[in-house]
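Heads up: the structure comes next, in structure tokens.
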Amino acid sequence: MAGAARGLLWAALSLCLLPEPLRAAHIKKAEAAAAGGGGGVGGELRYLHAAELGQALRDLVAEAPPGLARLFSIGRSVEGRPLWVLRLTAGLPELPEARQDGEKKKKEEEEEEEEEEGEEGGGGALPGRPQVKLVGNMHGDEPLARPLLLRLAQELVRGWAGGDERLGRLLNTTDLYLLPSLNPDGFERAREGDCGGGGGGGGEGGGEPGGRENSRGRDLNRSFPDQFGSAQPDLEPVPEVRALIAWMRRNKFLLSGNLHGGSVVASYPYDDSPTHRPTGVYSKSADDEVFKYLAKAYASHHPIMRTGKPNCPGEEGETFQDGITNGAQWYDVEGGMQDYNYVWANCFEITLELSCCKYPPTSELQQEWENNRESLLTFIEKVHIGVKGFVRDAITGAGLENATIVVAGIAHNITAGKFGDYHRLLVPGTYNVTAVVMGYAPVTKENIEVKEADATVVDFSLQPTVVAPDPNLTQFTATPAPPSTLTPSVAQVEPPATTSLHQAVQPVDFRHHHFSDMEIFLRRYANEYPSITRLYSVGKSVELRELYVMEISDNPGIHEAGEPEFKYIGNMHGNEVVGRELLLNLIEYLCKNFGTDPEVTDLVQSTRIHIMPSMNPDGYEKSQEGDRGGTVGRNNSNNYDLNRNFPDQFFQVTDPPQPETLAVMSWLKTYPFVLSANLHGGSLVVNYPFDDDEQGIAIYSKSPDDAVFQQLALSYSKENKKMYQGSPCKDLYPTEYFPHGITNGAQWYNVPGGMQDWNYLNTNCFEVTIELGCVKYPKAEELPKYWEQNRRSLLQFIKQVHRGIWGFVLDATDGRGILNATISVADINHPVTTYKDGDYWRLLVQGTYKVTASARGYDPVTKTVEVDSKGGVQVNFTLSRTDAKVEEGKVPVLNTPDTSDPNEKEFETLIKDLSAENGLERLLLASSGKVSPYRYRPYKDLSEFLRGLYLNYPHITNLTSLGQSVEFRQIWSLEISNKPNHSEPEEPKIRFVAGIHGNAPVGTELLLALAEFLCMNYKKNSAVTKLIDRTRIVIVPSLNPDGREIAQERGCTSKLGHANAHGRDLDTDFTSNYSWYSGTREPETKAIIENLILKQDFSLSVALDGGSLLVTYPFDKPAQTVENKETLKHLASVYANNHPLMHLGQPGCPNKSDENIPGGVIRGSEWHSHLGSMKDFSVTFGHCPEITVYTSCCYFPSAGQLPGLWADHRKSLLSMLVEVHKGVHGFVQDKSGKAISKATIVLNEGLRVYTKEGGYFHVLLAPGLHNINAIADGYQQKHMKVLVRHDAPSSVFIVFDMENRIFGLPRELVVTVAGASMSALVLTACIIWCVCSIKSNRHKDGFPTLRQHHDDYEDEIRMMSTGSKKSLLSHEFQDETDTEEETLYSSKH
């Protein structure tokens, strides 16, 4: 009350101090406004048309105290309506020629309406006061913002004048701009009550278009320049957009809200993604945390929005966590305004959907205002978070306009305003902030603490420099320079590069790093720069040193669709150390310069960089500083040369594969690397494939991509002057000369088993080998010289990853990326394949190419592509399915339907996330409790361990015995589920079995570890909990407990315990025809068949065995046709691909070191064929696909190897829990809704499954298009196609019609024939009756009537017959009577 009184007193005093004419005018207008009521300023809320809106805004300005409000127009719409902006802030300076005479008001207002904003517009900026804008009615049929912003302005003006503390503080510290209608033309066409946007009233959405677009039919929120757009938009048809862009360029807006309608949610950048998928892609900006904070600030104060459940008609199931969503994840909007604000204009904008109804009735406006009032005020207040201050010249104290403000770790800079003032929005935390200005030394303020309250004040004082400008450096800024004209051309939309005096920070850590030192160095930078780094290991060396890799990316740990991946590998030969140190220098350089140096920032933002400083850490530790050309430490600890240890195309590598080699091969198969360099020492040259030839002599061995490799090699050597000269080591090799510092590997000397050739031939990666100097292990003091010689080359080579062509291969059916599609270039015999999102990269030199994209089950597409010398060209392909044209309109193609069940959606998202790259790694990292098997458990301990799990986790486990072995040991089965021992047909069921051979107990221990891991993480790890809740998991750890009891540890090849107590190999006892086989079956086999395979309905089975490192799929029986081979092979591949070594296809087992199993997957009969296998029986009679995993070369390795084996297999085991939820699941019912059980589902005209109780079925299928035939007695057969994806389940819902065929014929035909037959029978009966009646009448007359002339005719026939004599006897005398009494002669034949 006291505050209000003081405010009124102040307002009265202010009026008294005004000149008499102005004071009278002010009072008069205030009275008019108060009396007007319906104008939307003082009375009930209502929609105002253009002229009314302009008048209401003018009246409000007149009502406001002096210096508080200003009205101006930023431009005009297509139809010439002004785009009004109301500026509200305290202390506005008077405009030139201030209005002193109230009687001139009307004329001046009319002139004001006709003019548009000049250079100063609504007045100049105020030092240190952040600018906020709220834009409404961008879509003409979404006009709720018009009355809301008008009411907001009214409250602010009257609250400030009335002394309201909050509103006074807001306008005293904030420069607020309100634009009620960006699309006034569309509003005039829209209709009140049109909730759906179609133009009709009452929310029906019918009738003519409802005014969404401007008068030229353009959607303003699809018309802005877009960072992911293929071309610049045409701005000529959208003067509204042109006006807004020009206005934004003249100001330094910091925060903005774009007010829409049609839902209730706060959406934040980015609004689209490089793939432009319609929905489901989280497109993360550099300031993702800030945007989520801002969106929550609005949503949390809105009574509906904060629930996350708008419950809009037709979208009742749509939910948004916390009431916010990433724009692209909701749906893709290319050319949106909020992204333009952030990318091009320094401004943080979010989009606010305020109401389910686009154009709500006037009667609802008051409620909408109450819903949004607090959210609007809170959102405006959030402009004051983060850090703020001034950037000044240290000598003159003048503010430095356009100073760049860089926050370490956030790849988005802002620029200071006209007075050197800046304001950087940040969420609470600790930051390092740098100010950079051309001509001044940059200054960094470290450990700045940002709190939840008002912004932390940080001022910068910069010293001018006298350094000459470097034309190769550009200032990294997100804000373009002000344009020279009001209306920007298309070219002016691009931010122009400006020169900068910023110098990159050079490394200072020049010394030789031994392993411990290197490890600390890597951990230090991973810890100091967590937003752009990730430190991981790809394996261990012989001496168990980690093979570390530092990833540097703006989104570490994530493969961003469309972003290429690059790698550097150093120190492959332990005594060639320059590469090791250069890569550590490069890590330091990239981390320290990210966000401040444009080149580094661009590289990190556009490339996922992986750096392995040392591939041979053991050899390094043996090497000696000063070694010029020696070999000590060159090889690994097993004394093998790692660069002769890779499989070779021309020669058989007989050396056993080394752990370092296997780890790197696995690494290369895991990531979609495009380009690589292997850093060596001993010369100064770049050599490129091939490294050897068929004859093993020094001769040019040309690869299909020879021109590309030469260009790649030159890109490095050109930046190293000494290398480019071509005569590197005159003291050591005086005759050696390499033109331009490059050479073909084999032409120099033959290297069989080299890494660079393996890269090219086995992955999509192009690799060259770089010799960095003549001295292999130079003195530490020489290391800065090597950095100076190579730093430009190292950066330039990374840039080459963007040369050639890149893009996406998409499915025409659903627009999703196609995995493993092939990209072929005519006349270059080297195809590459697509990654998980359908993204690909193909390095090419300048030229014209015919490029073909193809994939199994799709029609190939060929395009002619022009590649220039400047960079990469995006070329996307959309492939149609091979049979789409034949089946179009006849057979429905089904994909996973949208479900309104949020829990179902959440689980589908989980499956997709776990299927993504690093998805399972993230699950494992987030898991609680350390599970690591360390000993083998004999039968007694195994039984006690399983009982312990059952007793400790009774709500999710059930322990039963399937039967007994020969020696009466129990065959235990542990079920893990949220409802154990309770049938839930809709849940897929998976079984893990092990120990069918007792001498291979690794599988048993792995399954016990898996069971413990699942139980320990239930209700602690969200992903594990959801998997258990949605899956029935059965674990049978030991099928042959008798054999296990006699097997011996370290018996790598021993067969002791292989068979059961009767000496029978149980994997030969599952005979094909079980129906007649009974008496001689082993008790273990009988228990497994009767109580596991046939009794329980499983979707997938995984059997663990030993003796190799691979996966087999059915059948083990030779010459057996495999109906669903692709699916079985796919399931096996999923397991192998998630194992670090198995997918390499080189088990490397003793006596089989040359064994090669492509992908680590092979059909059982091709590896070890035999009859009576468990997996053959499971597929044939259990209708369950089963794969057999051979866990290690040694049957019974030492217990010390168990932790490593668990670490290798746990991801693969978990991948099976994810995979069992994919494929196809669905329900079968008739039209009445009755579920149909035991219906037959025939897949691809071969595999059969049967519906369970409730009509449910589930079957695993390989990704691709599959045919489904559904058959049930008494119903018509159904045929359809279903699209199965690699990362999500597909659902089908089959509704049967009654059978319309009888005996295989159409019902109508059968009825017609039956009716005709009945009619014929009736007609025949009638004829017979009539004939009988006539004959009966002749008998009643006495003698029958003779047929006249008939005898003469027959006699003539007889006389003319010239047959045999017997023919004379063949003719009978015929009387005309029918009675038996009159028959005189009867023929006998």
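The backbone N, Cα and C atoms fix where each Cβ goes, and this holds for glycine too.
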Which of HIS412, HIS423, HIS680, HIS740 belongs with HIS573, GLU576 in the Zn(2+) 2 site listed by Swiss-Prot: HIS680
Swiss-Prot Zn(2+) 1 site partner of HIS139, GLU142, selected from HIS49, HIS260: HIS260
For HIS260 (Zn(2+) 1 binding site), the number of other Cβ atoms found within 10 Å of its own Cβ: 23
Additional residues surrounding Zn(2+) 2, by Cβ distance to the HIS573, GLU576, HIS680 centre under 8 Å: ASN571, MET572, GLY574, ASN575, GLY579, ARG634, ASN643, LEU679, GLY681, GLY682, GLU771, LYS776
Three-state secondary structure, HIS260 (Zn(2+) 1 binding site) (per DSSP): strand
Close glycosylation sites near HIS139 (Zn(2+) 1 binding site), where close means Cα within 10 Å, chosen from ASN221, ASN820, ASN1151: ASN221
Candidates GLU142, GLU353, GLU771 (recorded positions) - the one closest to ASN1151 (N-linked glycosylation site) by CA: GLU771
Assigned conformation of ASN221 (N-linked glycosylation site) - DSSP reduced to three states: helix
Candidates ASN402, ASN820, ASN981 (glycosylation sites) - the one closest to HIS573 (Zn(2+) 2 binding site) by CA: ASN820
Other CB atoms, at most 10 A from the CB of GLU771 (active site, proton donor/acceptor): 26
Sequence-distant neighbours of ASN876 (N-linked glycosylation site) in its chain (C-beta under 8 A, six or more apart): GLY807, PHE808, VAL809, LEU810
Collapsed DSSP category at ASN172 (N-linked glycosylation site): helix
HIS139, GLU142, HIS260 excluded, remaining Cβ within 8 Å of their centroid (Zn(2+) 1): ASN137, MET138, GLY140, ASP141, PRO143, ARG212, ASN221, LEU259, GLY261, GLY262, GLU353, LYS358
